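J.: Look at Swiss-Prot and you will find HIS63, HIS92 tagged as heme b binding site. According to Swiss-Prot, the feature domain 'Globin' maps to 2-146. Summarising the annotation, Swiss-Prot assigns N-acetylvaline to VAL1. Residues or ranges marked as phosphothreonine in Swiss-Prot: THR12. The phosphoserine annotation in Swiss-Prot covers SER44 and rests on similarity to another entry. The feature N6-acetyllysine is assigned by Swiss-Prot to LYS59, LYS82, LYS144. Annotation source Swiss-Prot lists S-nitrosocysteine at CYS93, citing similarity to another entry.
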Amino acid sequence: VHLTPEEKTAVTTLWGKVNVDEVGGEALGRLLVVYPWTQRFFESFGDLSSPDAVMGNPKVKAHGKKVLGAFSDGLAHLDNLKGTFAQLSELHCDKLHVDPENFKLLGNVLVCVLAHHFGKEFTPQVQAAYQKVVAGVANALAHKYH
């Protein structure tokens, strides 16, 4: 991902304020509610029968935290996202058979959640930088599919 020095600063500064546990669970939960067909990858998570059930599900929250932990690793290696996400790309492609379009959806949901949490601090410039990052991460996760 090519980010200007200002964009890198904007991304890392905001990310330093992110509560990964809270934002991760909310982002994954919103993905499952807004795009219900994605729930098929999480059938082992128990009750996903309603938006409240999804958002309160401890397995959704725990996996969301794990997902955002991996995203944090990507932020530390913006110049090598494909390498950073190679194993996760392989896992999601070969073993889990996740449609790579879902990575884009999750990235966009994450941007919405960040905007919700940070309000005015999440300026258009910060959003533009994050859109680049989530697109780069989605591309890296889809790399094994090509």
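Glycine too: its Cβ is placed from the backbone N, Cα and C atoms.
Could you give the neighbours, burial and distances for every feature on this list?
T.: The secondary structure of HIS63 (heme b binding site), as reduced to three states from DSSP, is helical. Of all Cβ atoms in the shown protein chains, 17 besides its own fall within 10 Å of the Cβ of HIS63 (heme b binding site).
Helix, strand and coil counts under DSSP for the domain 'Globin' (2-146) come to 119 helix, 0 strand, 26 coil.
Secondary structure from DSSP puts VAL1 (N-acetylvaline) in coil.
Around the Cβ of SER44 (phosphoserine), a 10 Å sphere holds 6 further Cβ atoms from the protein chains shown.
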J.: Could you work out which of the modified residues (VAL1, LYS59) has its C-beta surrounded by the smallest number of other C-beta atoms within 10 A?
T.: LYS59
J.: Given LYS59 (N6-acetyllysine) and LYS82 (N6-acetyllysine), what distance in Å do their CA atoms have, once rounded to a whole number?
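T.: Rounded to a whole number, the Cα-Cα distance is 27 Å.
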